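Below is one structure; the comments refer to it alone.
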């Protein structure tokens, strides 16, 4: 098990993708009234980037697991009504819940609220998410907005307020449009559905500058019982390891003890969302909430050492990695996903740190965008990762093209390497960078994207 990451964790007890259409990040000029049924038409779904394993994709996202419903509607929180901006995910029973949160000291009001709620109750029933205002750096009034929102949802669902968790995304320094939110909640609750459409509408509603929504669900068999894990996430910019402007909600019908669930979620986050980077900025709002309903019929998983726990952990890792890769793939202005794989390190944590260093390098990202196979930038970013290794054991490959072996540069076809980068960019595909630093058993991955002119344009005009 890897050592704890820097994020904070609090605990309480095949999908067929829609055809992908690249959209402009400019918001449509029309204003609409959006229902759950029409919500998914406002933005395309991300490609499915699920790792291979003993599981299969199923329909439903966060509603695939037994006991969960979701909805996404337009509630008037966005500056323009181009797509939904309020989402709700609920569980029919008291769910065991774990949450991971930003390491940014300027934590948003919903983050502070969730930490408090998770410290006072061992169960959860719902997650409310708004897009448009981050409700970060908003002081006591912003915190009260989060409390009032949770209280209103709790009354509509007839559950305790501390069983409601809150996530927000949008412009930092802006409080939520509470009147619009509160007025929309009855319609949001009335729209809840266990259907695929319910899950898809919620996944759309939480997006901001995202070009695509991110939703996934899988089914696997553990102990002879079919269990499902579903999830949705948002993120495109302000993405960097140790959580970023990314929100995630995970659902499962497995039954897991409180302590085991907390550790499993922490481990999966460290192998997925903490291993992605777009721009090096760590947000005030990042938050992943994971709920386990226990309705699958599988006996409670009570030990991390059990075969059942190990099988479930692998599946949870895969779902979170699939969502994390979709976020990096959808990086603001990106033309391709970058996947960095490191082997031969002393342990998993060291391999992960090296991979993050390479994926985070602005020079590596710019070289990929320029279709320049400048392997020296890769070697440099491995070297400043903070991990000690024998430089004479360093191997680097770009796709199937070896660039360095045992610390020595290799002759290679620069035109072929450049063409590999160009083809990946033209197809919005994946650039694979493989690195070996020795003969140790530590392996790790990280994901990023190239750095384009468009990224600067998007963020220069974000609030104007």
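Yeah, the Cβs are placed from backbone N, Cα and C, and that goes for glycine too.
Swiss-Prot lists 245 with the feature active site, nucleophile, giving sequence analysis as the kind of evidence. Residues or ranges marked as substrate binding site by Swiss-Prot: 208, 234, 245, 332, 459, 464.
DSSP assigns residue 332 (substrate binding site) to coil, not to a helix or a strand.
Within the set of binding-site residues (208, 459), the lowest number of other Cβ atoms found within 10 Å of a Cβ is recorded at 459.
Following the DSSP three-state reduction, the secondary structure of residue 459 (substrate binding site) is helix. Taken residue by residue with DSSP, residue 208 (substrate binding site) is part of neither helix nor strand, so it is coil. All protein chains shown were included, and the count of other CB atoms within 10 Å of the CB of residue 332 (substrate binding site) stands at 25.
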